Amino acid sequence: MSMLSMDGIVAGGGSSSGGGERSFVLEQKMFNTGPQNKALPTVQSSGSSSNHAPIVGESPLGTVSSTMATGDTGRVGNVTYMSSGMLGATQFMPQNSSHPSTSVMMQQVPPQNGGATRSSPTEMQQCMQAMSEDSIEMRDYNSGVHHMHPHQMQMQQQQQHHQQQYNMSYHNHQQQMQQMHYHQQQQQYQQQQAQHHQMYAPQIQQQQQQPQQQSQQQSAQQPQQSSAALQHVNESSNLSSAGSISDREPEQHGGTPQRPTAPQSSTATDKKTRKRRKAGPTEDQATPKQERKITEFMKVGGEVASGNSVARCLLTEYHQNQGSPKRQPAVQQNGSNSYDSQQQQPQMNQHEMQNSYWGVATPSLGVNNRGTPTPTQQQHYSSDSNSNSNQSPPGQGNQSGRMVRTIDEETQTDSSLSQANPQNADEVAKMNRIIEDHRRQIEELNSKNSLERRKNEASKETIKRLLIDKNQIERKALRDKTAADSPRIGCFKTTRTGDSFRDQWVDGWAFAEMDKKTEQINAERNEIASASALLKKRKPLGIGKEPKRPQAVNSQNDSNGMQPSTSSNTNGDDAIFRRPEEPKEIQYQEYIELDEIYKLRREHLRKEETDLSMEKERLEKEKQHHVRELKRASNESASQFNDHRLLHKRYLMLNLLGKGGFSEVWKAFDIEENRYVACKIHHVNKDWKEEKKANYVKHAMREKDIHKSLDHCRIVKQYDLLTIDNHSFCTVLEYVPGNDLDFYLKQNRSISEKEARSIIMQVVSALVYLNEKSTPIIHYDLKPANILLESGNTSGAIKITDFGLSKIMEGESDDHDLGIELTSQFAGTYWYLPPETFIVPPPKITCKVDVWSIGVIFYQCIYGKKPFGNDLTQQKILEYNTIINAREVSFPSKPQVSSAAQDFIRRCLQYRKEDRADVFELAKHELFRPRGAIRASVAGSLLLVIITLCQHSNRSEDRLCVSNV
């Protein structure tokens, strides 16, 4: 159906049957009559195949009548267009529906610019909304007949007034938004065109020259066709394009039919009122496929292309025409004349090219669909004059044809794709089966994964429960053992000292028995010593010769064991003042026997004393274990993690390993990795000052950063770091079973040189790793308590831990020898720190701090004591300046130590750090060479000395021989 929108009422004609043509006027029910009525211009279509513009004429009722050609389709009848501005804000107009004989009531937007706005058929379709599918009555127009009560008419006018205000505000807002969007698209298009011209400037110039040549050829033929051109209007309007181009109809009558010379006037009074019945097309009247209109290819109900799609099609068509000039004349195939080709300009400026792409919305045939003209459309049509009211804007004729043709191509392409879909049905079904198989496999894998996850969670819960049960049993056993050993070994008892209470250690009955045995051994030793002294006094005069004595004297001496008194006197004075008798001499054999008995008793006492000392030492070890367990159990019961807490749903806390000043170490189990770990929990005291808190956190974070970057077999690994609360956090470390070296030395006091050499060799290996890094690390707190023994004794591997006081030597490699400033002076363990750390102000330190610590540890392992300040506390060491005055180390006579071990200790304990060896020199020391290599080197040196002596002796003999000659 072809329609032309004018400011007022629009009536559309139905189809015409056979060769006869009927003209009728579709009158809409008028609610506003009286003085507001105006002359209604009428446009009438004759139904011919011409693409001429409508001819405007005067009707008897004062309406303007115009005849319009809509093409040789055989389905379009005469159409009369009636225009008036009396309807106010809301106007209704009929429109043909999908059925040829059915009219659709449309709602038109209010006119713009005082009723002077004109719209193209495509734009008009956007501005209308279908109201119903019922046919409307065909009646004559009579201004004197009122069809509504005045009160109802007043209410209707008020509603229309409010609706008009709302529509005006709404459309103004929509126009502003569309104008903004249009300007944005225009700017983007200008940028793209500028880039396009820059990239393809030579090609564009060549393409522009070709249309100029064609225009010159056409200009020669223009005078011949000027008379025919004057009789035709612009055939590229939306009216002609809607009638011929979209239908793609070939010309059947040998060209364009002649335009009627006089308009056929029609009046509303000559037309009788009648109804249009809904009747479907018969098979005889069915339109062939090649003669169908574009509206028959569109889908009803919102399935047609949108305005943005049409604009995109127009943009694509423009690029295709610009790239291929041969496709431009294709617009004239469907009933167009040569005037269209003459009006085509070979070259358009930028403004015309931008205006040619004004947005067009595809009319929808569905019910209750409304189209709104874009600001671009209103701008074009409002700028035209009234004389060219039936023509499209300049340069828009071909664009409308291209638009309709592109829509036709899109709909035909969709039809071809829909026909090709059954051919690919097998492939689609196959792909669907594959997708279903994959979906089923994914579901199976997800179910298996969820099942495995549930099993894993159940296993974790089982492991957790078993570990808790085992730990509870172990805790109970330790408590029972501690309670049983306390009477025998001892325990802590709270005693009062002045106004304070303190825990004091009290020994058990085992130590009391040890003391009794010691007293008995000492008493027996004293008795044997006195008897031995008396025996020496009775020693015979001639040892080896038997003395001559009477038999009676010998028998008396044997019986009494003493010599007779020489001062025996019967007088009373002699009885009062009696002289002690001299010890009688005993026989030689008796003397030898008594002397042998006393010697054996002394040896027996010595053995008992050794056994007693060993038992006492063993009891001391038990006491250390017992005291340690008592403290550990007390700290464990007072800790907040004694309830088998699960940190971060991963680390199960089992039992406390030890507690320091501001941290505690727990043995835990990692249920994710199934391994035992050590969790070091750092506590920040709430009562500390902010400066102290910041300092502690700084050291803890530095320890974490340093420790996490280390990976060596002789260094404890750090696995994780996690936050517990606002005042505590935890570092997860590698768990090392056994004890530390400090605990082992307390039990054994000293170890052999071989065992000490093995431990020091592993420590030096770890220090070499720390110093080979790009930023060397100083441990600064190396001591026996931070050397862990994996097997619990000195015959196994060791690991270094506790990097809380570590330092990083940043900067260039040349600055590492100068050292870094000591920021934590008087921190650490004083017995193992070098003299430079006690100098005020704080000096610069290097990695040789750890070298001094190695020397002290090696000395303590061999000799059982520290080389400096062994019996002093740390406070006394500071008061007496013990370490500052430690300029030379001395070695006890026992035990015997090799010269290589003593030289190693001297190199480590040099007072000046410049004279002290570094870790790389210690690693190459002869102490760490294999024993066979040392013996070979010693043998080689001895052989060299012998050869030198022999050469010297040979030279001396030669000189002696020469002198004799």
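Along the chain as shown, residues are numbered 1 onward.
Just so you know, glycine gets a Cβ as well, placed from its N, Cα and C.
For Asp781 (active site, proton acceptor), applying a Cβ distance below 8 Å and a minimum sequence separation of six or more within one chain yields Asp802, Gly804, Leu805, Ser806, Gly828, Thr829. Per Swiss-Prot, the feature active site, proton acceptor maps to Asp781.
All protein chains included, Gly661 (ATP binding site) registers 5 other Cβ atoms within 10 Å of its own Cβ. Positions annotated as ATP binding site by Swiss-Prot: Leu657, Gly658, Lys659, Gly660, Gly661, Phe662, Ser663, Glu664, Val665, Lys680.
Swiss-Prot lists 10-21 with the feature compositional bias 'Gly residues'.
The compositional bias 'Polar residues' feature in Swiss-Prot is assigned to 42-52 (among others).
Positions annotated as compositional bias 'Low complexity' by Swiss-Prot: 172-231 (among others).
Feature annotation from Swiss-Prot assigns compositional bias 'Polar residues' to 233-244 (among others).
Sequence annotations record features per position, and here Swiss-Prot assigns compositional bias 'Polar residues' to 320-341 (among others).
Look at Swiss-Prot and you will find 342-355 (among others) tagged as compositional bias 'Low complexity'.
Summarising the annotation, Swiss-Prot assigns compositional bias 'Polar residues' to 365-381 (among others).
For 382-401 (among others), the entry in Swiss-Prot reads compositional bias 'Low complexity'.
The compositional bias 'Polar residues' annotation in Swiss-Prot covers 552-572 (among others).
Summarising the annotation, Swiss-Prot assigns domain 'Protein kinase' to 651-928.
Residue density at Ser634 (phosphoserine): 14 other Cβ atoms are found within 10 A of its Cβ, drawing on all protein chains shown. According to Swiss-Prot, the feature phosphoserine maps to Ser634.
Residues or ranges marked as region 'Disordered' by Swiss-Prot: 1-22 (among others).
Per Swiss-Prot, the feature region 'Disordered' maps to 35-72 (among others).
Residues annotated as region 'Disordered' in Swiss-Prot: 95-120 (among others).
Cα separation, Gly661 (ATP binding site) to Ser634 (phosphoserine), rounded: 15 Å. Spanning the residues Leu657, Gly658, Lys659, Gly660, Gly661, Phe662, Ser663, Glu664, Val665, Lys680 that the record associates with binding ATP, the maximal Cα-Cα distance equals 14 Å. Within the same chain, residues at least six positions away from Ser663 (ATP binding site) with a Cβ under 8 Å of its Cβ are Lys680, Ile681, His682, His683. Over all protein chains present, the Cβ of Val665 (ATP binding site) has 19 other Cβ atoms lying within 10 Å. Reduced to three states, the DSSP call for Ser634 (phosphoserine) is helix.
Taking the centre of the Cβ atoms of Leu657, Gly658, Lys659, Gly660, Gly661, Phe662, Ser663, Glu664, Val665, Lys680 as the ATP site, the nearby residues of that chain (Cβ within 8 Å, site residues left out) are Ile681. Taken residue by residue with DSSP, Lys659 (ATP binding site) is part of a strand. The 10 Å shell around the Cβ of Leu657 (ATP binding site) contains 17 further Cβ atoms across the protein chains shown. Listed in sequence order, Arg632, Asn635, Val665 are the same-chain residues at least 6 apart in sequence whose CB falls under 8 Å from the CB of Lys659 (ATP binding site).
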